[in-house]
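Scroll down for the structure; my scribbles are underneath it.
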């Protein structure tokens, strides 16, 4: 039997309780409970004849009243302590407004339904595939698509924590501590291992403070680092964890992939900040600084990079498969560093890329859906991946730090594109989106590749647009998508994808990111904005929230300022193999 976890359910509940938004909300609730208890006590006293059992109940109620009174006084005292540093009443009111948003009954009900879905997915995985990377619900067995590193467990840690599924989190934590081993002669994707395993471990550490996650994060990062030992600093995309042997897949003709090589910065920078060891940050940032030196005016790069020379070697220009998260990480690395001068080059590159993005926007006929085309040399293709539906959310996130004109432009384009992405879902009989869509004159959109593998990108964008606009329409669209998943993909043994969104034919795989991203973004879509505040957290491309830490230049002295959280509560390559 493994060693019992020292990180208990009660300690997690206490951590969440000690966030300021609870201090603002709980006194009201406790006062209401107090009034009810007192009223009930006097009601019982007014009766002429009381049984011994009833008298015992009254004594218990009186004890509870005393306990609640003491709790309220303690909370009031803490509130006084936490607000003494705030200089005036206006700031106190603004602080309170920012960190507490009243839940509405519909959002609470929907959030509970999504939590139930997560519990069903997790319980099915625990029952049939524990320790494996992913669950095959129809055959009720596990499969190791990522080297047997327990991808679903590590990917789900932060979702379990955020949803308050404490027992499940503790069992996952114990597996990580006792059973997660990287000492294996297996070849893994550097990118997938970074975003799922390293990102998942770091997020669990940032949320819980449990150092077992940081220790495991450092261990896997050390095994991945040899991938960056190239003349250009562009990493190879595959590595053997035991021996450090590196290569690129044969289908890429020896080239590294843009999205893979440019989407590992958040995780390795975060690890350097948590461990105070700069080597991780230096490796991944060399990639971006090398690209920055020759970055084109339109900010668009082809998907193939030569790891020996660092030069582009062709391929398409796309915000879909193999290009997508490179552009996402330019913005998010800037946010992760708290938007200081030390990380300004990331924002500069991202803004150039948004110039290029706008040059690739086209409109369909007859309905004028905005979509992001693709380019290969001088040829333009009227095709858009569902993967590219992360772009509306990225634009909304970028708009929040732009000037008024640019912000309006970004947000307007985001709203146009997310309408298109939502219609990817609404245009099929199952109301679930296909993998990609073609736009032909007079046809608007038509499904290209017809599978749905539980992707989160459209829901991710709905989450960001809801956060930045407060428009409940985005919540309604997200709820419709969730219901389509429930109606078409839920089995007694978990959730599956669809081989065909037109017929509803099911596949036999529950993707780890369905728990990490799809259900998490749905849950947050119906949560108050103080739950994983975007002022304090930035999501990696696998939806793992990482704490924002202020970056300073090498010339500036002192440790980086940590912005502590006040509140809590192969897929990128566009290929799949059905087995």
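Here the Cβ of each residue, glycine as well, is placed from N, Cα and C on the backbone.
The feature active site, proton donor is assigned by TrEMBL to 192 (among others). Other Cβ atoms within 10 Å of the Cβ of residue 192 (active site, proton donor) number 23 in total over all chains.
Taken from TrEMBL, the feature active site applies to 324 (among others).
Positions annotated as active site, proton donor by TrEMBL: 435 (among others).
Under a cutoff of 8 A between CB atoms, and with a sequence separation of 6+ in the same chain, the neighbours of residue 457 (active site) are 386, 387, 388, 389, 390, 393, 421. According to TrEMBL, the feature active site maps to 457 (among others).
Under the heading Ca(2+) binding site, TrEMBL lists 541. Around residue 541 (Ca(2+) binding site), a 10 Å sphere centred on its CB holds 28 further CB atoms from the protein chains shown.
Per TrEMBL, disulfide bond is recorded for 389-421.
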For residue 324 (active site), the number of other Cβ atoms found within 10 Å of its own Cβ: 26
Other C-beta atoms that fall within 10 angstroms of the C-beta of residue 421 (disulfide bond): 28
Shortest C-alpha distance to residue 324 (active site) - which of the recorded positions 192, 435, 541: 541
Fewest-neighbour residue among recorded positions, criterion Cβ within 10 Å, set 389, 435: 435
Between residue 541 (Ca(2+) binding site) and residue 192 (active site, proton donor), the C-alpha gap once rounded to whole angstrom: 10
